[in-house]
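Trainee: My questions will all concern the structure given below.
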Amino acid sequence: MPSGFQQIGSEDGEPPQQRVTGTLVLAVFSAVLGSLQFGYNIGVINAPQKVIEQSYNETWLGRQGPEGPSSIPPGTLTTLWALSVAIFSVGGMISSFLIGIISQWLGRKRAMLVNNVLAVLGGSLMGLANAAASYEMLILGRFLIGAYSGLTSGLVPMYVGEIAPTHLRGALGTLNQLAIVIGILIAQVLGLESLLGTASLWPLLLGLTVLPALLQLVLLPFCPESPRYLYIIQNLEGPARKSLKRLTGWADVSGVLAELKDEKRKLERERPLSLLQLLGSRTHRQPLIIAVVLQLSQQLSGINAVFYYSTSIFETAGVGQPAYATIGAGVVNTVFTLVSVLLVERAGRRTLHLLGLAGMCGCAILMTVALLLLERVPAMSYVSIVAIFGFVAFFEIGPGPIPWFIVAELFSQGPRPAAMAVAGFSNWTSNFIIGMGFQYVAEAMGPYVFLLFAVLLLGFFIFTFLRVPETRGRTFDQISAAFHRTPSLLEQEVKPSTELEYLGPDEND
């Protein structure tokens with residue numbers, strides 16, 4: 001029998017589809033406000049780069065006193081700026097280790113509520129940094145908002161995945177990525193010089209991140225806790241029943257609870273795993289490797305190099321209005337995330353991920369060719385725009401949304417929090433490497449920098465083709481049980497796997 005309230009067998013063997021209730025909509029919307037902040041703080045640092053660097057220089061001059069001040073050395077300015085960008089990822093790396101602990105201790109909903117303290121503190125520090133003439137405050141604020149985003153990157157997919165019906169789990173899981181890209185787009189638009197990207201208003205631009213945090217603080221108390229957490233982890237049948245009634249809109253949820261009881265009995269043989277226990281578990285080795293590689297495929301694809309440095313990339317490519325081209329990329333980003341929302345339950349996770357990786361690889365090669373020929377063929381600047389827009393579009397078809405929620409699908413309730421922590425750490429570590437190192441690698445490799453990403457994308461495509469299963473339409477229990485019945489990834493003969501052969505139809509289907 002399928003586990004969880006997501007899929008419930010009917011008398012004729014066909015599972016009825018749970019309707020979308022107002023409570024479910026409110027809960028998902030409230031949760032993904034955190035993802036909106038995550039995206040906003042990825043994109044907000046890009047457009048005002050020059051005015052923030054000017055502020056850094058003014059602070060540097062002011063600290064030297066009136067006698068013989070000299071401008072900040074270019075190397076020091078580059079390091080300060082790279083740190084301002086990349087410290088966001090350091091915060092995410094550190095906090096991602098706490099996802100499992102906090103989500104088990106406080107619960108999914110309360111953990112998201114408490115997490116907003118970091119968002120308010122980080123946003124306040126960034127907003128007041130210029131008035132205090134302190135680039136250290138801005139860097140600390142970026143660190144705190146990164147720590148907030150690190151927790152969000154695990155808590156939101158976990159919560160949404162546990163409250164979503166099976167037939168909508170992919171689409172609702174993709175809303176996490178949609179909120180991220182909308183946040184990026186909002187930051188890019190507000191960062192224009194005609195709006196908040198000015199020498200006097202950039203602190204307001206960075207500080208606005210406190211607004212969605214405050215809205216989430218208002219809305220989340222009206223949302224139910226995950227019934228899976230309440231019943232399976234906390235053994236609270238009454239609150240779990242109440243939560244299920246609100247989420248499903250059904251007066252009788254006894255069938256759902258029966259399935260949760262069945263899953264709980266199975267999980268009593270599989271206690272919640274600590275991080276070290278998960279890393280040492282042969283049973284979970286295969287899904288863990290898949291989860292980590294999928295996270296690496298997202299970050300090492302080069303997408304955040306485009307988000308962090310898109311304006312300077314367009315300038316290098318000879319685009320006349322790079323800020324507007326960057327916003328164009330943000331619009332493409334949002335539109336194709338919506339496409340992914342519509343396709344993920346039809347085409348499946350694996351197919352979309354493969355399509356996205358292949359398309360990004362082709363666009364990275366096209367971008368390299370355009371940059372190489374730019375001096376001889378000025379029209380190549382338009383080709384570079386098409387290449388970056390295509391790069392972003394294919395990212396949002398697959399590598400953008402798929403890795404986050406597929407990790408939650410690959411693990412049962414016991415190891416899921418620890419698995420989200422490992423996946424989050426992998427994602428944030430690679431994010432930090434790109435954020436800190438891309439500027440230096442781009443200077444060293446010149447037009448060939450995107451060729452490096454093309455090679456990585458090809459490697460991730462091959463891994464996905466050979467090893468990543470299709471999870472569409474499967475319950476958490478089915479997917480987890482399938483991995484328990486197969487040998488470790490390291491012990492298997494390498495062969496293409498369009499769908500795990502042991503993920504056959506449930507006998508009640």
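Any Cβ shown, glycine's included, is placed from N, Cα and C.
Pasting the relevant annotations from Swiss-Prot:
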type	residues	note
TOPO_DOM	1-24	topological domain 'Cytoplasmic'
REGION	7-13	region 'Interaction with SRFBP1'
MOD_RES	SER10	phosphoserine
TRANSMEM	25-45	transmembrane segment
TOPO_DOM	46-81	topological domain 'Extracellular'
TRANSMEM	82-102	transmembrane segment
TOPO_DOM	103-111	topological domain 'Cytoplasmic'
TRANSMEM	112-132	transmembrane segment
TOPO_DOM	133-142	topological domain 'Extracellular'
TRANSMEM	143-163	transmembrane segment
TOPO_DOM	164-171	topological domain 'Cytoplasmic'
TRANSMEM	172-192	transmembrane segment
BINDING	GLN177, GLN298, GLN299, ASN304, ASN333, GLU396, TRP404	D-glucose binding site
TOPO_DOM	193-201	topological domain 'Extracellular'
TRANSMEM	202-222	transmembrane segment
TOPO_DOM	223-287	topological domain 'Cytoplasmic'
MOD_RES	SER274	phosphoserine
TRANSMEM	288-308	transmembrane segment
TOPO_DOM	309-323	topological domain 'Extracellular'
TRANSMEM	324-344	transmembrane segment
TOPO_DOM	345-353	topological domain 'Cytoplasmic'
TRANSMEM	354-374	transmembrane segment
TOPO_DOM	375-384	topological domain 'Extracellular'
TRANSMEM	385-405	transmembrane segment
TOPO_DOM	406-417	topological domain 'Cytoplasmic'
TRANSMEM	418-438	transmembrane segment
TOPO_DOM	439-445	topological domain 'Extracellular'
TRANSMEM	446-466	transmembrane segment
TOPO_DOM	467-509	topological domain 'Cytoplasmic'
MOD_RES	THR486	phosphothreonine
MOD_RES	SER488	phosphoserine
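Structural setting of the listed features?
Mentor: In the predicted model, the region 'Interaction with SRFBP1' (7-13) shows an average pLDDT of 38.
Within its own chain, the transmembrane segment (25-45) is flanked in space by residues 52, 84-85, 88, 112, 115, 119, 142, 145-146, 148-149, 152-153, 155-156, 159-160, 163-164, 172, 175-188, 190-191, 205-206, 208-209, 212-213, 215-216, 219-220, 222-224, 247, 304, 307-308, 330, which lie at least six positions past its ends and keep a Cβ under 8 Å from the stretch.
As a summary of secondary structure, the topological domain 'Extracellular' (46-81) carries 24 helix, 0 strand, 12 coil according to DSSP.
Remote same-chain residues near the transmembrane segment (82-102) are listed as 41-42, 45, 52, 111, 114-115, 118, 135, 138-139, 142-151, 153-155, 158, 274-275, 308, 417-418, 420-421, 424-425, 427-429, 431-432, 435-436, 439-440 (criterion: CB distance under 8 Å, separation of at least six residues from the stretch ends).
Under DSSP, residues within the topological domain 'Cytoplasmic' (164-171) fall into helix, strand and coil as 6 helix, 0 strand, 2 coil.
According to DSSP, GLN298 (D-glucose binding site) sits within a helical segment.
Residues 47-48, 51, 54-55, 208, 323 of the same chain lie 6 or more positions beyond the ends of the topological domain 'Extracellular' (193-201) yet place their CB under 8 Å from a CB of it.
Remote same-chain residues near the transmembrane segment (202-222) are listed as 26, 29-31, 33-34, 36-37, 40-41, 44-45, 48, 51-52, 55, 109, 112-113, 116, 119-120, 122-124, 126-131, 138, 141, 145, 187, 190-191, 196 (criterion: CB distance under 8 Å, separation of at least six residues from the stretch ends).
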Trainee: Count the other Cβ atoms sitting within 10 Å of the Cβ of GLN177 (D-glucose binding site), across every protein chain shown.
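Mentor: There are 27 of them.
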Trainee: Which listed range (143-163, 172-192, 354-374) shows the maximal number of Cβ pairs under 8 Å with respect to the transmembrane segment (385-405)?
Mentor: 354-374
Trainee: Just give the helix, strand and coil counts over the topological domain 'Cytoplasmic' (103-111), going by DSSP.
Mentor: 8 helix, 0 strand, 1 coil
Trainee: Are there residues of the same chain, six or more positions away from GLU396 (D-glucose binding site), whose CB falls under 8 angstroms from its CB, and which are they?
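Mentor: In sequence order, GLN177, VAL181, ASN333, PHE336, THR337, VAL339, SER340, GLY356 meet the Cβ cut-off.
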Trainee: Which stretch, 112-132, 288-308, 446-466, tops the Cβ pairs under 8 Å count with the transmembrane segment (418-438)?
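Mentor: Stretch with maximum Cβ contacts: 288-308.
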Trainee: Cβ under 8 Å, sequence separation of at least 6 from the ends of the transmembrane segment (354-374): give me the contacting residues as numbers and ranges.
Mentor: 297, 301-303, 316-318, 380-381, 383-384, 386-388, 390-391, 393-400, 402, 446-451, 453-454, 457-458, 460-461, 464-465
